[in-house]
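According to Swiss-Prot, the protein has these features:
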DOMAIN    104-300  domain 'ATP-grasp'
BINDING   132-187  ATP binding site
BINDING   Asp254, Glu267  Mg(2+) 1 binding site
BINDING   Glu267, Asn269  Mg(2+) 2 binding site
Amino acid sequence: MSLKNEKIAVLFGGVSAEREISLNSGKSVFEALQSLGYNVEAIDTKEFPIEKLKEKGIQRVFNILHGGIGENGVLQGALEQLGIPYTGCGVMASAITLDKFRTKLLWNAVGLPTAAMEVVRRGQAVNSDEIIAKLGLPLFVKPASEGSSVGVSKVKTAEQLLPAIEEALKYDSIVLVEENLAGAEYSVPVLDGEVLPAVQIIPDGEFYDYHAKYISDNTQYVVPALNADRQAEVAKLVKQAYDVVGCRGWSRIDVMEDGEGNFRLVEVNTCPGMTSHSIFPKSAATVGYSFERLVERVLELSA
């Protein structure tokens with residue numbers, strides 16, 4: 001049966017810190033599906049309860065909720081309970097990958113390279129000198145479970161470390177303090193198990209923060225960014241990382257080079273942005289996907 005005969009909901013918005021980005025992504029996805037002739041409805045989950053989707057006649061979901069329940073397995077579990085197929089990763093992969101700490105533990109357990117880190121939990125005494133002695137300066141401080149660089153700080157001096165940790169703790173009870181990786185930054189999309197060309201990110205500012213991602217027009221995206229050998233190298237690493245955490249459908253994996261040019265894994269985005277600034281469509285375009293066809297392909301991979 002053609003998916004065009006089904007009633008499809010684009011779930012977007014929601015209540016996470018990434019609501020605004022999700023609203024933009026949802027609008028783009030909704031318009032793309034509409035233009036292709038799908039029977040589609042845009043539903044902001046802040047306004048409409050998920051458990052009533054079945055009553056509304058919804059038969060399939062395109063999930064474009066960033067962060068929060070849209071990416072942590074809660075939505076996925078609810079949709080499985082309702083018997084509604086959905087785009088993107090399943091319950092387990094969603095739950096694991098929204099937690100950067102546990103994602104890195106898994107990768108490290110199978111020998112995949114990541115930045116060295118220290119973990120700080122809410123209420124724990126922090127010894128700045130000890131952390132800096134171990135990881136050096138500058139450092140990155142980030143909440144374990146937020147996306148879109150919400151709550152992330154670059155720390156250049158010892159005095160900045162505690163305030164940065166306090167800021168990150170506003171968003172999560174677990175905070176990661178990571179070594180600075182001095183090399184280039186890449187984001188690597190995966191579509192149906194196929195690794196697409198890496199996109200190099202040259203941020204407008206100190207690092208790829210919320211402003212550089214969504215507001216600035218001066219952040220540069222270079223794609224394809226790597227020669228064939230380096231692309232093959234990063235693709236092998238990214239595919240291993242994707243498989244270890246159990247991703248399916250589509251995801252985007254962020255990677256950085258260290259000072260020696262070795263690739264290190266950073267994090268997984270199981271529900272990548274689909275706005276005018278977004279990385280996934282930029283990469284997919286280089287291998288022949290229009291935005292509309294990319295959206296349709298993600299929908300076709302729903303399960």
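Glycine is treated like the rest: Cβ placed from N, Cα and C.
Given the structure is predicted, the values throughout are model-derived calculations rather than measurements.
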Entries of Ile132, Glu167, Leu181 which, being binding-site residues, have CA atoms within 10 angstroms of Asn269 (Mg(2+) 2 binding site): none
DSSP three-state assignment (helix, strand or coil) for Ile132 (ATP binding site): helix
Cβ packing number for Leu181 (ATP binding site), 10 Å threshold: 20
Asp254 (Mg(2+) 1 binding site) and Ile132 (ATP binding site), Cα-Cα, nearest whole angstrom: 24
For Gln160 (ATP binding site), the number of other Cβ atoms found within 10 Å of its own Cβ: 17
Rounded Cα separation (Å) that holds between Glu267 (Mg(2+) 1 binding site) and Ile174 (ATP binding site): 16
Count of other CB atoms lying within 10 Å of the CB belonging to Glu167 (ATP binding site): 15
Integer mean pLDDT for the domain 'ATP-grasp' (104-300): 94
Asp254 (Mg(2+) 1 binding site) and Leu181 (ATP binding site), distance between Cα atoms, whole Å: 13
Helix, strand or coil at Glu267 (Mg(2+) 1 binding site) [DSSP, three-state]: strand
Residue pair Gln160 (ATP binding site), Asp254 (Mg(2+) 1 binding site) - Cα distance, angstrom, rounded: 25
Around the Cβ of Ile132 (ATP binding site), the count of other Cβ atoms that are within 10 Å: 18
Set of same-chain residues at least 6 away whose C-beta sits under 8 angstroms from Ser153 (ATP binding site): Phe140, Val141, Lys142, Gln160, Ala164, Glu167, Ala168
